[in-house]
């Protein structure tokens, strides 16, 4: 039996009102654009005097020149960068192979020296 009367019972909250009575949320994007003129286009920004536009997941310069560098020059530099990365990978592979060959020849020379020392010792005993 509780000391202070009835057990705790909060009063019931009133039901929520409908958030929106308009049917805009039920319209698809193309219908909204036609009916309401909500054609936003792709996002654009101006950064350091350069106008950029977001298309297909990438920011692209709207003008042909990007910060004083031509698009063809950028593509050429990217291709050259790719070639240099591939050459770098090939050279790393060659260095690894040469290190393996060096360690193998070093191990063989140590074995030969050991056998030679054993032969010298056995020859002195006879």
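Cβ atoms are placed via backbone N, Cα and C, with glycine included.
On a predicted model such as this, the values are computed, not experimentally measured, just so you know.
Residues or ranges marked as region 'Disordered' in Swiss-Prot: 1-26.
According to Swiss-Prot, the compositional bias 'Polar residues' annotation covers 1-10.
Listed in sequence order, the residues of the same chain lying 6 or more apart from residue 9 (phosphoserine) and placing their CB within less than 8 Å of its CB: none are present. Classification of residue 9 (phosphoserine) by DSSP places it in coil, neither helical nor stranded. Residues or ranges marked as phosphoserine by Swiss-Prot on the basis of similarity to another entry: 9 (among others).
The feature phosphoserine is assigned by Swiss-Prot to 20 (among others).
The annotation region 'Minimal region for the interaction with PKD2' is assigned in Swiss-Prot to 60-112.
Annotated coiled coil per Swiss-Prot: 67-125, in sequence order.
The region 'Leucine-zipper' annotation in Swiss-Prot covers 77-98.
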Could you tell me the mean pLDDT the prediction assigns to the region 'Minimal region for the interaction with PKD2' (60-112)?
89
